[in-house]
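Chemist: Straight out of TrEMBL:
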TRANSMEM  40-62  transmembrane segment
TRANSMEM  82-103  transmembrane segment
TRANSMEM  115-133  transmembrane segment
TRANSMEM  161-181  transmembrane segment
TRANSMEM  193-215  transmembrane segment
TRANSMEM  227-250  transmembrane segment
TRANSMEM  257-278  transmembrane segment
TRANSMEM  284-303  transmembrane segment
Amino acid sequence: MVWRYCYKEVLPFTAMATVECLSVGINTLFKAATLKGMSYFVFILYSYTLCTLLLLPFAFIFRRFGSDMCGYNGIKYSSTTLASAFSNLTPAFTFILAVVFRMENLYFRRSSTQAKIIGTVISISGAFVAVLYKGPTLISSSKSNELHQGPLALGTTQTNWVIGGLLFASQYLLLSSWYIVQTQVMKIYPAELIVVFLFILCTTIIAVPVCLIAETNPSAWRLRLDISLVTIIFAGFFGPSFSSVVHTWGLHLKGPVYVSIFKPFSVVIAAAMGVVFLGDSLHLGSVLGAIMLSLGFYGLIWGKAKEEETAREDSYPNLGNTPLLHRHEV
């Protein structure tokens, strides 16, 4: 029973939290590399090619292109903090899509359903606040001006901020859609590594012509011993390959809403790393938006937990009167 509990609860929680930390690390490295001139088309093609090569042997030993384009371009226009704040939209988008595709049931008189609906509304409202209201600077780094200069550096105008926010919203809508599709696929073919390998392989095949056509500068494709190479290798090992395997396994074990609720863990990490390593400034709008997004996230979490508790009580109606020892045995 201890092993079953660890496998069902502790291991998924640890794996999902680790993936979010690694995701913030990749975003931070990517932002730093683009400030030094790396093309995001080059990054996507090289990192996905490396992911495919890494997954090729594992897929047979052990039996997401549009989303990434929006996400990495959004980081280029804005910041990693805004990217992590917008990741809080994933539970809301996933919940809406799960309702549309009848994977989630709505019982309007239940407090769990009301909490999930209110959480969704607050999350989407927080996203609007983060995008449309930048506000005064709360924390500024002395390295900000130095790091944000260069041939590919973008200004921090309100227009760029809004463009970045819209790209992030598109990214997490596509990501939520992918979670729904993955969940259905895993019901038919529950082999996580093979499913992820085929997904990465198809993404790489699509990325090759698109990126080669979009990035026409030959020198951009030359890899040098700098932060660009470090970013590509790090993303290749711990980006789509590792995160997709963990997410697909989590979708199979716990479902799409559980996987999406771990996104908010990255907000504080991204803000700290952005200020320390990238010289990003922290704005009031980002903080207010992140707070609202987090409140919406916790509303969804509470609703989901309450729903699971009700389902357990319906399955074991006499569990509340069962001695503690026998409860663990159940």
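Here the Cβ of each residue, glycine as well, is placed from N, Cα and C on the backbone.
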Chemist: Does the transmembrane segment (82-103) make contact with the transmembrane segment (227-250) through 3 or more Cβ pairs under 8 Å, each pair 6 or more apart in sequence?
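Modeler: Since fewer than 3 Cβ pairs under 8 Å link them, the transmembrane segment (82-103) and the transmembrane segment (227-250) do not come into contact.
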Chemist: Near the transmembrane segment (227-250), which residues from the same chain, at least 6 beyond its ends, have a CB less than 8 A from one of its CBs?
Modeler: 12, 15-16, 18-19, 22-23, 25-26, 29-30, 32-33, 36-38, 42-43, 46-51, 54-55, 64, 68, 179, 182, 186, 192-193, 195-196, 199-200, 203, 258-259
Chemist: Quickly jot the same-chain residues contacting the transmembrane segment (284-303) by Cβ under 8 Å, restricted to those at least six beyond its ends, or write none.
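Modeler: Result: 79, 81-82, 85-86, 88-89, 91-92, 95, 111-116, 118-138, 257, 261, 263-264, 267, 271.
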